[in-house]
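As annotated in TrEMBL:
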BINDING   A:HIS61, A:HIS109, A:ASP195, A:HIS199  Mn(2+) binding site
DOMAIN    A:38-116  domain 'Manganese/iron superoxide dismutase N-terminal'
DOMAIN    A:127-228  domain 'Manganese/iron superoxide dismutase C-terminal'
REGION    A:1-22  region 'Disordered'
Amino acid sequence: MSSKLLRSTPLRAAVRSTQSQSSRAGLAGTTFVRTKATLPDLSYDYGALEPAISGKIMELHHSKHHQTYVNSLNDASEKMEAAKSSNDVASQIALQPLINFHGGGHLNHTLFWENLTPKNQGGGEPPTGALSTAINDSYGSLDALKEKFNTALAGIQGSGWAWLVQDTQTGSVSIKTYANQDPVVGQFRPILGIDAWEHAYYLQYQNRKAEYFKAVWDVVNWKAAEKRFK
Amino acid sequence: MANKHHTQTRTEPRRHSKESRNDVQDLLKRFAFVPLLLLTALLARYLLSPTPTTLTETVIPAPVLPNMAHQYSLPKLPYAYNALEPHISEQIMTLHHSKHHQTYVTNLNNALSSYTSALSTGNVPAQISLQQAIKFNGGGHINHSLFWANLCPASSPDATLAAAPKLGDAIKRTWGGEAQFKEAFETALLGIQGSGWGWLVKVENHTGERGRLAIVTTKDQDPVVGKGEVPVLGVDMWEHAYYLQYQNGKAAYVKNIWNIINWRTAEKRYLGGQDESWSVLKASM
């Protein structure tokens, strides 16, 4: 299996601009338009998170796994539209797990890419301001949070994510784990997520997932987390 | 339900009665745990008892209180780590068996030993909090033990459906043909959202006679227990089962695995009962 660790950015940009032009053209021509989900571009190169996360992992994770969630979400959404327009309630209900799974996969990965950044671009630099205060209020210190977060990650039985979330009712932050691609929606607001699916680390860490959980903090983008915190 | 409570309290060992408080609220709390305790007792009895019990029995006997939990050990593979190549690589098999499966065994033994002490001290909260660890790690041990035995090298005469004449007939009757069955099984495997397993099971009917076949999926390490189903054939759909070789191409893994299915083992499980399926588990004690 050959691996291209660097993306061809101009080509991707061209593809994106074609996509957005065609969706604008679509807008003008129809009375009802559903925007398709698209794979977001990364703001760093696939190899830029090494050695915490290998370029090969990032390439597959972004260009294959995330792309599959995007494609399957669009497919399920299209079927949902059809089921709605034909008033087929049974099909609408049957499609919900697919929307949850693939829509969740799209949301989770999009947030994840944003809350990572290379070390030389601020990866791992501790949070400041209100988020820092909220973390200290709940956990005492950033190190204590990381330790509890890693315990939560290690305790996931199967595929899933651990998130630092903000309770929209109380404003406080806490750690929550979610199964599979269940997204952080409803009462809680996602602040920072770490992917604990095996595809997120297996090529580099195999069964030693604790090492991945330890290393990933070197490339966490706390600035992105601060922006999500309200 | 009241009867069950009564029975349950009578079977509680007296060992901890010295410490027991007469406080009514405390007793009520204790009683509230009883239905969960019964479930745990069933699973624990299943894992702790030297003779596996059938899961179709409706009467839940008093929990056995052994002095020591059985220690499970990693079962040896019936073939070499590289024997399933090119369909499953040697590296995958080595890690999967010697690391992943070993971890389930280690954690199961730890959980069962904690559970045994929680039973002997009558510590119900601890018993309840250990349930998930027993299910996950016990399931991991059961599932992988079944999985290794239902695989074999592609060159083996057991690797074709002809090695399972009775099961083959039942498959053809149920799905219309071998190809249709494989397609249905692949669809189920690829539809798993997250980690899990796909199983061909025999559903035991009320007379205990050979039942119908069905394809089921289980999440994470949930084992096929407690529903009167006998696992005939299992395929691991955790990413660690294929990722080093197939990466995101899990459809290719699912296609290739048919080359290394041990149909003779599947036939034995199909013709036998629960005990046949669990023989591999017993052997690891």
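Just so you know, glycine gets a Cβ as well, placed from its N, Cα and C.
Note that TrEMBL annotation is computational and uncurated.
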Applying an 8 Å Cβ threshold (strictly under) against chain B, tell me which of the binding-site residues A:HIS61, A:HIS109, A:ASP195, A:HIS199 fall inside, in sequence order.
A:HIS199
To test your reading of the Mn(2+) site: which residues beyond A:HIS61, A:HIS109, A:ASP195, A:HIS199, same chain only, put their Cβ within 8 Å of the Cβ centroid of those residues?
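Filtered neighbour residues, in order: A:HIS62, A:HIS65, A:HIS66, A:PHE112, A:TRP197, A:ALA200.
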If one looks at the chain holding A:HIS61 (Mn(2+) binding site), which residues at least 6 apart in sequence have a CB under 8 angstroms from its CB?
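Residues satisfying the criterion: A:HIS109, A:ASP195, A:HIS199, A:ALA200.
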If you draw a 10 Å sphere on the Cβ of A:HIS199 (Mn(2+) binding site), how many other Cβ atoms land inside?
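Other Cβ atoms found within 10 Å: 19.
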When a 10 Å sphere is centred on the Cβ of A:ASP195 (Mn(2+) binding site), how many other Cβ atoms does it contain?
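For A:ASP195 (Mn(2+) binding site), the 10 Å Cβ neighbour count is 24.
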Within 10 Å of the Cβ of A:HIS109 (Mn(2+) binding site), how many other Cβ atoms can you find? Include all protein chains, please.
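Its Cβ shell of radius 10 Å holds 25 other Cβ atoms.
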Please list the DSSP helix, strand and coil residue counts for the domain 'Manganese/iron superoxide dismutase C-terminal' (A:127-228).
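Computed counts for the domain 'Manganese/iron superoxide dismutase C-terminal' (A:127-228) are 49 helix, 24 strand, 29 coil.
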Summarise the domain 'Manganese/iron superoxide dismutase N-terminal' (A:38-116) as counts of helix, strand and coil residues per DSSP.
61 helix, 1 strand, 17 coil
